[in-house]
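What Swiss-Prot lists as domain 'Calponin-homology (CH) 1' is 8-114. According to Swiss-Prot, the domain 'Calponin-homology (CH) 2' annotation covers 123-230. Positions annotated as domain 'EF-hand 1' by Swiss-Prot: 388-419. Taken from Swiss-Prot, the feature domain 'EF-hand 2' covers 487-549. The domain 'EF-hand 3' annotation in Swiss-Prot covers 550-618. Annotated region 'Actin-binding' per Swiss-Prot: 86-110, in sequence order.
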Amino acid sequence: MQANQWQSVQNRTFTKWFNTKLSSRDLPSVFDLRKDLSDGILLIQLLEIIGDENLGRYNRNPRMRVHRLENVNKALEYIKSKGMPLTNIGPADIVDGNLKLILGLIWTLILRFTIADINEEGLTAKEGLLLWCQRKTANYHPEVDVQDFTRSWTNGLAFCALIHQHRPDLLDYNKLDKKNHRANMQLAFDIAQKSIGIPRLIEVEDVCDVDRPDERSIMTYVAEYFHAFSTLDKVETAARRVERFTEVLMSTHDMKIDYESRMKRLLGSIARMQEYWHTVQFENNYTDVKSHSNNFAKFKATEKREWVKEKIDLESLLGTIQTNLKTYQLRKYEPPAGLKIVDLERQWKDFLSEEANQSKLINTHMREIKESMRIAFADRANSFSKMLSTISNEITNLQGDWRDQLDHVEFLQEHLGPLEVELASVKVLYDNCFQAGIEENDYTMFSYEDLEHEFGITANIIANKIKYLENELLEREKRTLSKQELDGITKVFRHFEKKKSNMLNEVEFYAALASLGLVYDTEEGTALFHRAANSEEGVTYERFTEIVMEELEDRDSARQVLYAFCDVADGKSYVTSDDLLRSQVRPNIVKFLECNMNKHSEGLDYLTWIKQLLAEDKEIV
């Protein structure tokens, strides 16, 4: 492509880029860069849009040349103040319509404000954008081999690959006629404009089968793909976090209802049995006492065991509820008055006491029992029960992170073997008592079957707890970076580490993050760099890897959830149902949020809602 052809292509591309920025404020379009920029007004308006600053007063009706020069000079001075190099260009060049210098000026603005997310200097921006293209099209090699911003794009397949990689629902790459370059490129341009919102900055004939297309025009257009898909990835991640957070809340809500209902039922059953024991009457004969004894034994073998299991299950259920809330640093669940574990323990303690009294009442009528055998069995049974209770309490009061809890539960499981041996010894004593006709024991409330049952429950609880914790750890391990992803991060770090000091400066840090699809505005980027550098001159490889993992993984934290809602709400302080649905949050999730989230005059107040859910001693960090 000859110089005049490049200039013509750049003129069309840069004019379209210019107009996409002006259209955001419904400003008049540019038709001829040489004439329409000569009074400096549109140039100032463009800078106010892309720089998000007010340049102050300027001549809005510049009739004289000196007024036009003043306007253009104001724009150029602003550009210089932002550290952008301006070589051999002055106000007169713009006023006089020097197209070559005007195109160079616009290219400087494109580098700074469109590709500045990667770096402020063109060379690094080019390398970072090229590396992003290569990473995203790696699965389409060798048909797509992006080595530059000229010949690598002439068959249209690179554009199609970028779209298919991010939005496979819009384009079936495998059905493309790889030899029909013009049709492929036209298809990619149409989909990008109509379905993704990427402005059509270049034409098919500017790129398709051209020996060497204009590099700057293609870079400008490809940068629009970079920004569009980076935003798409961010919103999808945010929606996924919102869904997972809400699903945990919904599940926890159901568990709370289940806990309260079952707790009421268990406490009621215990109270009714206690009332029965208060009113029971004994007849002075063996048959009646034996009948009471049999009924009592039946109760212990059936209902009481169900209560023991239910009691342990309720304690475990409450622990699961608190673990779910703690995962997101939410406020601890406080059961209603009378339905707390302490209430159950108090009534259970009274129940056990009255159960013991009932047992003693029956046993007073059974004088044929040998005292020594009773004591021998009772001592071992009570000791075994205490050991089981100790293990149950250890499980109920687990603390620490997932790994610490798993290690502790596995430690408890190792003690089940000696307990099983001890249980066998208890059975020997129990069998001896049975053979001697000893059916009741005032020194213990436990039979061998009770202890065996509780031992089985405890063993099952431990096994289920281990399985639960292992699954949670496995899920968390799944969220970590794969070796391939870690290799990719290492490659990016080494690529931008220019001084080979195992450290990235601020410019290299921004470029490396952007090549991984992590883009921030100036304020966010600066804050992230200083946090990563930690008072050092730059960011080390270890800190860079940690930062990337923190930003890419789906962490369970209030801060991530808050940022997720902010992303779904497009930065607003409130989120609407349409925002949630548009981000592909499921309708049932949206309905739950509508019913439970604080109301805002224009939508749902997610910030206040999340703060209310936080534990009182927790902050969003």
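Cβ atoms here come from the backbone N, Cα and C positions, even for glycine.
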Checklist entry - Where else in the chain does the domain 'EF-hand 1' (388-419) make close Cβ contacts, counting only residues six or more beyond its ends and a cut-off under 8 Å? => result 312, 315-316, 319, 451, 454-455, 458-459, 461-463, 465-466, 469-470, 472-473, 476
Checklist entry - Where DSSP helix means H, G or I and strand means E or B, what are the helix, strand and coil counts for the domain 'EF-hand 2' (487-549)? => result 41 helix, 4 strand, 18 coil
Checklist outcome for this item: Same-chain residues at least 6 beyond the ends of the region 'Actin-binding' (86-110) with a Cβ under 8 Å from one of its Cβ atoms are 7, 10-11, 14, 17-18, 33-35, 37-40, 43, 46-47, 50, 65, 68-70, 72-73, 76, 79-80, 216, 219-220, 223
Item to check | Residues in the domain 'EF-hand 1' (388-419) grouped by DSSP into helix, strand and remaining coil | outcome: 26 helix, 0 strand, 6 coil
Checklist entry - Which numbers of helix, strand and coil residues does DSSP report for the region 'Actin-binding' (86-110)? => result 17 helix, 0 strand, 8 coil
